[in-house]
Amino acid sequence: MNSRELFIAFWTIVVKEVRRFTRIWPQTLLPPAITMTLYFIIFGNLIGSRIGEMGGFDYMEYIVPGLIMMSVITNSYGNVVSSFYGTKFQRHVEEMLVSPIPNWVILSGYVIGGVARGLGVGLIVTLLSLFFTDLQVHHLFVTVFTVLLTSILFSLGGFINAVFANSFDDISIVPTFVLTPLTYLGGVFYSIELLPDFWQGVSMLNPILYMVNTFRYGILGVSDISIVFAFGMLLCFIVALFSYSLFLLQKGKGIRA
Amino acid sequence: MTAALSIRNLSKTYDNGFEALKGISLEVEQGDFFALLGPNGAGKSTTLGIVSSLVNKSAGEVEVFGHSLDRDKAQAKMCLGVVPQEFNFNQFEKVADIVITQAGYYGIPQAVARERAEFYLKKLGLWDKRNQVSRMLSGGMKRRLMIARALVHEPRVLILDEPTAGVDIELRRSMWSFLREINAAGTTIILTTHYLEEAESLCRNIAIIDHGRIIQNTSVRALLQQLNTETFILDIDPPQQGVPALNGYPAKLDDDHTLVVEVEKNQGLSRLFRELAEQRIEVRSMRNKANRLEELFVSLVDKNLAGEATR
């Protein structure tokens with residue numbers, strides 16, 4: 001396939017993916033909007049007003065970047081894991097396997113589909129947050145780059161989960177038992193400075209802490225960790241997961257007999 | 001001339017140790033209408049699965065129009081269109097979107113994809129359903145949708161794995177005529193089927209696979225010439241209490257109106273009718289006991305089964 005044909009094939013997957021999650025918007029776009037609005041009302045307004053300041057900012061201002069990031073992470077991951085598993089389950093993954101599309105194009109198409117939903121939901125949550133706080137972007141490049149890398153990383157994570165999944169239960173295990181706890185413990189609602197030294201050290205092992213803090217730095221200009229280190233770590237994880245996903249596709253894990 | 005499909009020493013052993021293919025070799029000429037037959041579990045779908053890149057092979061080589069599936073995969077795949085046995089499209093997508101999306105996977109621009117989707121959906125009687133969600137289609141329509149999808153990139157070889165399974169007779173005939181039409185236009189067709197009448201009616205060449213080995217690979221005509229005896233069922237009048245004496249024709253009565261007669265190829269039917277007429281037995285109608293190819297198929301598979309048992 002020449003580069004034009006490759007782009008058409010890639011774009012076909014992206015359009016198919018975007019069409020999928022917009023077609024079922026009450027399941028994909030509406031729930032995060034409702035959940036995050038409740039977070040803003042309950043944690044930001046009702047409880048936050050009693051907490052006072054966090055990291056030098058009003059509590060609502062402090063949690064907004066974390067909540068935006070949380071919705072980007074869960075939606076990027078959720079989009080790819082459910083879409084690719086559905087493709088396997090209904091066997092229409094075979095449509096791609098019989099075609100001449102290289103594996104890296106298939107993977108990129110699914111990842112960009114996940115990024116599109118992650119960023120779309122991130123945008124919806126950001127717009128909703130404007131009803132509750134005055135959001136100023138401190139570092140536009142850091143903000144955009146962080147959210148983009150994070151959604152790529154979790155789309156890849158969702159893809160790997162889908163490859164290994166053998167049932168619909170398997171696609172909810174990682175989000176429920178790994179992703180959600182790591183997100184909640186990743187400094188969405190608090191600064192790790194509040195924790196004792198030991199737990200601060202443990203928190204540094206949580207990759208989501210770096211993403212939330214880098215994004216918070218982009219918006220508020222404050223962070224618990226080094227931004228350069230966070231970007232380096234994100235890029236390394238992306239390269240590692242992309243390579244592993246390609247290896248799985250090449251091997252036909254879960255999709256070829 | 002380069003073969004449309006060339007398979008050499010193809011083997012497949014599944015993870016559970018089951019040896020589905022034991023080094024088969026096969027050539028399908030360009031423009032052929034080729035049938036791959038065999039009982040359930042013989043290795044037909046595994047063979048087609050490997051050719052269409054849905055199953056990983058254990059050993060061997062596959063070439064499509066001279067393009068190796070190992071070394072020149074994209075070109076080989078460009079030449080292939082695949083209609084699988086089971087429905088494998090997105091049940092929530094619209095009919096036209098399924099076909100257009102498939103064209104996109106082959107790098108075909110939207111405008112061309114739309115034109116081709118319209119052409120093939122019209123050709124297969126699905127144009128009226130183009131905006132319908134695919135799960136709402138009937139079984140026959142779903143099968144036709146898979147054919148339209150497989151043809152949208154205009155492949156040189158079309159592989160059909162039991163294309164008419166579960167399809168009513170009228171629709172089966174119309175699919176046959178469509179397949180004949182695209183074959184006449186130059187598309188090589190390879191099909192597997194359990195309806196041996198289908199293979200006999202459509203195909204020029206045939207391979208029979210059993211227990212992972214090719215046990216017969218020849219033309220339909222040559223294969224049928226191997227058939228020495230045919231069984232005919234005669235509806236006779238008046239009713240008979242005992243089997244009429246028919247010199248040289250082994251016969252039995254199924255009931256007092258139904259006479260089953262075995263006729264060897266060199267015997268012909270004229271003498272049989274003469275003998276019945278002499279006994280004042282009238283033949284009201286006559287049919288083959290089974291499809292001719294079916295009789296041969298059963299005998300070949302039985303013979304192979306006996307061979308496997310002694311191997």
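All residue numbers here begin at 1 and follow the chain in the order shown.
The backbone N, Cα and C atoms fix where each Cβ goes, and this holds for glycine too.
A TrEMBL annotation is a machine prediction, not a hand-curated record.
Taken from TrEMBL, the feature domain 'ABC transmembrane type-2' covers A:23-252. If you look up TrEMBL, you'll see A:30-47, A:59-78, A:104-128, A:140-165, A:171-190, A:225-249 marked as transmembrane segment.
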Given the cut-off of 8 Å on Cβ pairs that are 6 or more apart in sequence, determine whether the transmembrane segment (A:171-190) and the transmembrane segment (A:59-78) share at least 3 such pairs. yes
Stretch among A:30-47, A:104-128, A:140-165, A:225-249 sharing the most Cβ pairs under 8 Å with the transmembrane segment (A:59-78): A:104-128
Please report, as numbers and ranges, the same-chain residues at least 6 past the borders of the transmembrane segment (A:104-128) whose CB is under 8 Å from any CB of it. 6, 9-14, 16-18, 20-21, 28-29, 32-33, 36-37, 40, 67-69, 71-73, 75-80, 83-84, 96, 135, 147-148, 150-152, 154-156, 158-159, 242, 245-246, 249
